[in-house]
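K.L.:
Have a look at this one before I ask anything.
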Amino acid sequence: MVEKAMEKSRPLWDNPLQFVFACISYAVGLGNVWRFPYLCQMYGGGGFLIPYLIMLIAEGMPLLYLELAVGQRMRQGSIGAWKIISPYLCGVGVASVVVSFFLSMYYNVINAWAFWYLFHSFQDPLPWATCPLNSNRTGYEEECEKTSSTQYFWYRQTLNISPSLEASGSVQWEQALCLTLAWLVVYLCILRGTASTGKVVYVTASLPYCVLIIYLIRGLTLHGAVNGLIYMFTPKLEQLLNPKTWISAATQIFFSLGLGFGSLIAFASYNEPSNNCQRHAIIVSLINSTTSIFASIVTFSIYGFKATFNYESCINKVILLLLNAFDLEEGSLTADNLNEMKDYLMATYPLEYAQLVPQIKNCSLEAELDTAVQGTGLAFIVYSEAIKNMEVPQLYSVLYFFMLLMLGIGSMLGNTAAILTPLTDSRAIASRFPKEVISGVVCFVNCIIGLIFTMEAGNYWFDIFNDYAATLSLLLIVLVETIAVCYIYGIRRFEKDLYTMIGHKPNWYWKIMWAFVSPLLIISLFIFYLTDYILTGTLQYQAWDATQGQLVTKDYPGYALAVIGLLVAASTMCIPLGALVTFIRKRLKREQISTVA
């Protein structure tokens, strides 16, 4: 059966380099730019690199190699590949397609936001540089004054966010148009399959590196950049005793490489049968991890600039306040002697100083650096905050948000490939509809459903899908994949397949990781996730409170918890249901044969 799959005619990549670029374009995505720096900040700076690199060796490279080898050998998408290994595993491929469908539904909204910011990047001044005037033009908008101009532009002018998940609001037509444009771009990139996708990946994979290099050169020359780099590479070794540090390192490797989505299997299925998938697995893994570290250096240099700017602004406000309040001589109060002068003023003028205490902020560079912003906040708030304070901000804004678009489109090509490849492999579908129609229907359906995320409460639904649509599902999918290859298909049989393809059998490292280390690691992660969810109690989310100008914590309503449960169940249940349906079909077929006999 495998040999028949190998003989199946299908389009191929023009060359192995094109395949590598496709994998890099998919794997090196937005998670490298915002999620890895956030985790690095949260879990010990340079100390986070220790568990991260261990997980790369124990989990990332072996599982990437396994998926690439399966796709290349079976010459099928995720559904067909696992069905060839065992008919009872057809549900594994279906689960991967369902997860990729969920991911595509919400992920392209990030590209819509990137388009929105890109279009506004040509304005002078940038629209998030200052707070807008109120309706009476007597001052600034009250909500903006309570927060910052960048947060106001994100939460109010971009998302127009509602105060809670229950207040769904209406669709924001500007965001809906940007989402439509994002899906149109994706459709044009996948219109002709590998013929068009293969050309696009050269741009989506290489251009972000050019922009990151420009940002690195600019970032390292910014005032305060060194503070950010010192913060990044100063390890907090006590975090190594925190189990969540290791879980976060493992899941970052897991998600950044795109394991379990079916995209890598789909990409590999278009390879020549003799392609050296082992070498490519190592190359893609190392490039992906190196990019994460490289992007973090860029991010922390800019983050250090932002933190230093905010810290010095805070110091200057305190100095100006004290100079005016106590009629001090200009230049008598500086950042270096501020603490001594505060003590002197407090001792000399206790009553007057006591009245000023509520207005005197405690300025701390460490506190500014400790202020973590996760996910979209890092990509759209922190970076835009830093960009507005740069020289020629429009140029750096255009470069940055165009880079985000390239990263997002590259990831979307992989996500849609995971959905389209099984569909085009199906004779029942491919014989009735051309690829262009199938691609168009997939993009259209995703776009229509994605309008949910352009509503006033859309960002809350985005967080639900981002947090729960794939996490547990992917762990289960990859665990079953590993067990299927090693213990159902057989590790020796898999060795022979690899020998046929690349000319040599895998060494002891790969076999130990596939058969023992990786499955045990995934099971541990699965248990830790479930334990964490149970101990957390009621699931909560961050809602924007316009009256306070900040995020507040709220409990998810009952229907949101039901949606979370459905998101997890919709993909994970495909695996046992697929096996059950196959068993029933085989049973009925045997009964029909015995009846005829």
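A Cβ is built for glycine as well, from the same backbone N, Cα and C atoms used for every other residue.
Got these off TrEMBL a minute ago, pasting:
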BINDING   Ala27, Val28, Asn32, Ser256, Asn288, Leu407, Ser411  Na(+) binding site
TRANSMEM  12-34  transmembrane segment
TRANSMEM  46-66  transmembrane segment
TRANSMEM  87-107  transmembrane segment
TRANSMEM  173-191  transmembrane segment
TRANSMEM  200-226  transmembrane segment
TRANSMEM  246-270  transmembrane segment
TRANSMEM  282-303  transmembrane segment
TRANSMEM  398-420  transmembrane segment
TRANSMEM  441-462  transmembrane segment
TRANSMEM  468-491  transmembrane segment
TRANSMEM  512-531  transmembrane segment
TRANSMEM  559-584  transmembrane segment
K.L.:
Which one, 87-107, 173-191, 282-303, 468-491, 559-584, has the most C-beta pairs under 8 Å toward the transmembrane segment (441-462)?
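P.N.:
Out of the listed stretches, 173-191 contacts the transmembrane segment (441-462) most.
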K.L.:
Below 8 angstroms Cβ to Cβ, which residues of this chain, lying six or more residues outside the transmembrane segment (512-531), approach it?
P.N.:
55, 58-59, 61-63, 66, 243, 247, 250-251, 471-472, 475-476, 478-479, 482-483, 485-486, 491
K.L.:
Taking pairs 6 or more apart in sequence, does the count of Cβ pairs under 8 Å between the transmembrane segment (282-303) and the transmembrane segment (46-66) hit 3 or more?
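P.N.:
Yes, since the transmembrane segment (282-303) and the transmembrane segment (46-66) share at least 3 Cβ pairs closer than 8 Å, they count as touching.
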K.L.:
Counting Cβ pairs closer than 8 Å, which of 46-66, 87-107, 173-191, 246-270, 398-420 has the most of them with the transmembrane segment (200-226)?
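P.N.:
Answer is 398-420, with the largest number of Cβ pairs below 8 Å.
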K.L.:
Which listed stretch (46-66, 87-107, 173-191, 468-491) has the most C-beta pairs under 8 A with the transmembrane segment (398-420)?
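P.N.:
When the Cβ pairs under 8 Å are tallied, 87-107 comes out ahead.
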K.L.:
Counting across all protein chains present, how many other Cβ atoms fall within 10 Å of the Cβ of Ser256 (Na(+) binding site)?
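P.N.:
Around the Cβ of Ser256 (Na(+) binding site), 23 other Cβ atoms lie within 10 Å.
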K.L.:
List, by number or range, the same-chain residues at least 6 past the transmembrane segment (468-491) whose CB is under 8 A from its CB atoms?
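P.N.:
Here the qualifying positions are 63, 66-67, 70, 82, 85-86, 89, 92, 95-96, 98-99, 102-103, 106, 251, 254-255, 259-261, 511, 514-515, 518-519, 522-523, 525-526, 529-530, 564, 567-568, 571-572, 575.
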K.L.:
Among 46-66, 87-107, 173-191, point out the range having the most Cβ pairs under 8 angstroms from the transmembrane segment (246-270).
P.N.:
46-66
